[in-house]
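S.K.: Straight from Swiss-Prot, here's the annotation block:
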- G30, E31, N32, A33, Q34, G35, K36, T37: ATP binding site (BINDING)
Amino acid sequence: MHLESIVLRNFRNYENLELEFSPSVNVFLGENAQGKTNLLEAVLMLALAKSHRTTNDKDFIMWEKEEAKMEGRIAKHGQSVPLELAITQKGKRAKVNHLEQKKLSQYVGNLNVVIFAPEDLSLVKGAPGIRRRFLNMEIGQMQPIYLHNLSEYQRILQQRNQYLKMLQMKRKVDPILLDILTEQFADVAINLTKRRADFIQKLEAYAAPIHHQISRGLETLKIEYKASITLNGDDPEVWKADLLQKMESIKQREIDRGVTLIGPHRDDSLFYINGQNVQDFGSQGQQRTTALSIKLAEIDLIHEETGEYPVLLLDDVLSELDDYRQSHLLGAIEGKVQTFVTTTSTSGIDHETLKQATTFYVEKGTVKKS
């Protein structure tokens, strides 16, 4: 899979831009604040209809314009497929092969991407919410039904929290409704928990040998999905019965707090090197190696799940890695993955992959191909 071309209309600082790409490595070169990251963000938006920088859709629309539009053409399974995403003040519209998609969950997954940016180093050491968003993004593009389930979960969770808040304030409400919401909540919560746990298990299978190699055989990586829901055995009915029993036991605590106290929205992922928690005890180098191992593992995992390698986006991250990790990253993707790199300079990066790259010079919202 690779992105053949992209067209941007009124997106960020690009009023009208058309670019054609190499199926191997593409480098966006320029000073800071010229629009390099905006180009990678456009590719990410075209793939996931989401950004790694903001959740406010209005940020994408050029000042005093009504909408922003991204059009791309991807080579996938031997075919050339057009994608289109428009962002307005009222929301998003998506098309695949010129056909409008009723839901974004039907659109996501046509173009798979892996992004590695400086903020991804906080995937290991940052707050649990960062890791939950990571899981949602990665599982969602491989299994679009996951996004539908996630949306349903968030809807039920919001309703249940509102109801718990009313009970906390001792308002007169129908007590049966809480039981109905809890039943619905349990079904979707178990579904998400199982999908996340399965993903983490597969991710570890790919990430552990990569980490072992980068650490020169000195470190063993383990990844644990720390779920608030216990899935004992293989019977979904047993899982549900156990969860409903647990939720009944904490029902009064939830009413007192006015919030749902267990579920995927409170889960976390933990990383261990040689048995030690990397978040708490790992050095900065170990945390960076862990993040790099995870990103490289994503590439192979997406290939296993979809039959196609994803597009890799490296947003000013090479400067955050030492020469050894740079070399390992570029060597791992060489000749395998279409890659987009943003950087202010390539002078300190001595690798054949970048020497053979197609370079685009970015300055004040204009892009020129070398």
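Even glycines carry a Cβ here, placed using N, Cα and C.
How about a rundown of where these features are and what they're close to?
M.R.: Annotation for E31 (ATP binding site): same-chain Cβ neighbours under 8 Å, separated by at least 6 residues, are T344, E363.
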S.K.: Tell me, if you would, which residue among N32, T37 (binding-site residues) has the fewest other CB atoms within 10 Å in the structure shown?
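M.R.: Counting other Cβ atoms within 10 Å of each of the binding-site residues N32, T37, the minimum falls on N32.
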